[in-house]
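> Quick one: the structure is below, and I'll ask about it shortly.
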Amino acid sequence: MSKQTLILLYGGRSAEREVSVLSAESVMRAIDYTKFFVKTYFISQTGQFIKTQEFSSQPAATERLMTNATIRLEQQIRPSDIYEEGAVVFPVLHGPMGEDGSIQGFLEVLKMPYVGTNILSSSVAMDKITTKRVLESADIPQVAYTVYIEGQDLDRCLAETEAVLSYPVFVKPANMGSSVGISKAESEEELRAAILLALTYDSRILIEQGVLAREIEVGLLGNTDVKSTLPGEVVKNVDFYDYQAKYIDNEITMAIPAAIDESAMTSMRTYAETAFKAIGACGLSRCDFFLGQDGQIYLNELNTMPGFTQWSMYPLLWEHMGLSYAELIEELVRLAQEMFEKREGHLI
């Protein structure tokens with residue numbers, strides 16, 4: 001039986017490229033090589049596509065993957081050269097230019113099936129402010145928030161925020177993930193500084209009410225027939241679950257399933273599936289919730305390309321549901337092919 005060619009894109013132009021490399025390495029080691037032939041391409045910070053490694057069998061545990069030594073500039077190609085008839089692309093890319101609809105549009109122009117959400121749902125979910133407004137229309141509970149857009153009167157925004165929210169608040173670039181550029185503010189001075197920091201990553205800034213809450217996550221998988229996992233909990237050993245805690249200091253553990261009552265579990269899964277459909281998603285997503293001390297549930301965000309590292313919540317959630325990492329990848333490829341055929345059919 002001939003193998004399916006799977007093309008992995010990793011790296012990327014965003015500040016989350018290091019997470020992409022970690023995710024791609026984990027995917028490479030989890031793939032079932034009896035079913036897939038794998039080609040990998042690195043996207044540099046300046047947007048160059050560089051052909052890196054190919055594997056027809058399981059790489060040795062000692063073999064170094066996705067390292068600088070595997071990236072040779074003389075292997076640079078035109079982006080369109082990744083095209084291969086019948087291949088499926090797995091864009092293991094996080095953040096802007098990865099999960100905001102950009103790479104999805106490029107792959108649709110190339111007429112290639114790809115893992116993950118489509119152009120529209122990727123771009124909607126990437127922008128935290130737009131996501132908030134879409135989820136409001138679906139009657140999904142969220143924490144109170146205000147918005148600052150670069151060029152607006154900052155002092156007026158500070159006054160409006162203090163009138164609506166109470167400290168602490170969290171300040172987030174609208175178009176970043178992996179906690180990049182996010183700050184906690186407990187005073188007007190800190191809020192001003194946090195907004196200025198966030199503006200170095202994006203021109204649209206979300207300011208959210210801080211809540212004393214547990215962080216609960218639900219995995220989603222499917223196209224029109226989306227399925228959800230039991231919720232898992234991010235158990236933090238730090239005050240704020242930032243990029244350093246997530247990916248460098250490893251200051252978190254996962255509790256799967258989360259120790260919450262059945263009613264909260266059911267509500268979160270229902271909200272997650274509703275949110276997935278509200279943004280028109282397909283393939284996969286991870287839905288993140290806050291569970292307040294009073295039992296109130298708030299949907300925090302939808303992540304359309306969640307982390308795929310060996311310690312990331314998304315693959316662990318599905319493993320708990322009985323779907324191994326290798327089986328998860330196989331199902332994602334199947335869903336990609338299904339959506340590709342549907343898209344192509346709509347063009348006829």
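Note that Cβ sites are derived from N, Cα and C of the backbone, with glycine treated the same way.
As annotated in Swiss-Prot:
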type: DOMAIN; residues: 132-334; note: domain 'ATP-grasp'
type: BINDING; residues: 162-217; note: ATP binding site
type: BINDING; residues: ASP288, GLU301; note: Mg(2+) 1 binding site
type: BINDING; residues: GLU301, ASN303; note: Mg(2+) 2 binding site
> Between 0 and 100, where does the mean pLDDT of the domain 'ATP-grasp' (132-334) sit?
92
> Out of MET176, LEU197, VAL211, give me whichever of these binding-site residues has the highest number of other Cβ atoms within 10 Å.
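Most Cβ neighbours within 10 Å: MET176.
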> So if I measure Cβ to Cβ from GLU162 (ATP binding site) and keep only same-chain residues at least 6 apart in sequence, which ones fall under 8 Å?
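Residues satisfying the criterion: GLU188.
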> 10 Å Cβ neighbour count around ARG204 (ATP binding site)?
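A count of 18.
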> Between the binding-site residues GLU190, ASP288, GLU301, where is the Cβ count within 10 Å the lowest?
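Selected from the binding-site residues GLU190, ASP288, GLU301 on minimum Cβ neighbours within 10 Å: GLU190.
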> Around ASN303 (Mg(2+) 2 binding site), how many other CB atoms lie within 10 A of its CB?
22
> Which site among VAL169, SER183 has the most other CB atoms no more than 10 Å from its CB, taking these as binding-site residues?
VAL169
> Roughly how many Å lie between the Cα atoms of SER183 (ATP binding site) and GLU301 (Mg(2+) 1 binding site), rounded to a whole value?
16
> Find the one among the binding-site residues MET176, GLU190, ARG204, VAL211 whose C-alpha lies closest to that of GLU301 (Mg(2+) 1 binding site).
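It is MET176, whose Cα lies nearest.
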